[in-house]
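Presented below is the structure to which this report refers.
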């Protein structure tokens, strides 16, 4: 098992190095800082893009408190507490980092916007490893993953190359939904992970459509402001999941428990057949050999 873990890390590092050699650098586009809604209210520039970060602080603080309040989240593994603590610290810090950036958008301030988000991303990966692969490995992975995220930010800042940071953002977007579906969870309400991933995906779409949304809403609200609100729904869903879930005795992945069902009706609406099939109950037919 230890040899396999080392092999995985070696393969990951080699793939990263090869990727850095074969792909061109990705500099930060300065048009990124030119947001559609730049209105000032109450003396605060870019007011809605600033104030829409408040939900991150609220959810982050609530989550952090509940992590330590009489084990409200029923965390059964010590590594989980470390992982979720880092996650909620990152979420709460997004409110300050993103607000600071949007007051005067530029590369120097963007560092403090992206840094707490990266802490949250990498913490989630460690949490998944703890819950669904191996507690000890996941716990040991928290610090290295956080360092990878931090290094990717400063690499971009000093070398104006977004490739490592893009990888840190892209990998969780693929890995988290995939692991949520394929790997058996320890707890119930695992589908909340997919709701969180869905809202994050919508947030990225709204970020890309910043100016069109501002025009479609007749300059009431921009895509980037809505992006903040949808992104804040990610920790909301994960907090609800933690509050509602329980340890399950028989671990099955979402892929195993999802059901396919159909019903046949006659022309007059009378039900004739009703079928419900899970992935685990699909019969396997052996090929006949002559």
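Just so it is clear, glycine is given a Cβ too, placed from its N, Cα and C backbone atoms.
Quick look at what TrEMBL annotates:
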type	residues	note
TRANSMEM	7-27	transmembrane segment
TRANSMEM	47-69	transmembrane segment
TRANSMEM	81-103	transmembrane segment
TRANSMEM	115-133	transmembrane segment
TRANSMEM	140-159	transmembrane segment
TRANSMEM	165-183	transmembrane segment
TRANSMEM	225-243	transmembrane segment
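Nonlocal intrachain contacts for the transmembrane segment (115-133), taken as residues 6+ away from its ends with a CB within less than 8 angstroms of a stretch CB, comprise 77, 79-80, 83-84, 86-87, 89-94, 96-97, 139, 141-142, 145-146, 148-150, 152-153, 165, 168-169, 171-172, 175-176, 179-180, 183-187, 235.
In summary, the transmembrane segment (225-243) does not lie against the transmembrane segment (140-159): fewer than three C-beta pairs, each 6 or more positions apart in sequence, are under 8 Å.
The list of residues near the transmembrane segment (165-183) in space but at least 6 beyond its ends in sequence, with Cβ under 8 angstroms from a Cβ of it, reads 16, 19, 26, 114, 118, 121-122, 124-125, 128, 132-133, 148-149, 152-153, 155-156, 190, 193-194, 197, 200-201, 253-255.
Segment contact holds for the transmembrane segment (47-69) and the transmembrane segment (81-103), given three or more CB pairs below 8 angstroms at sequence separation of 6 or more. Using a Cβ-Cβ cut-off under 8 Å and counting only residues 6 or more beyond its ends in the same chain, the transmembrane segment (7-27) has close neighbours at 159-164, 166-167.
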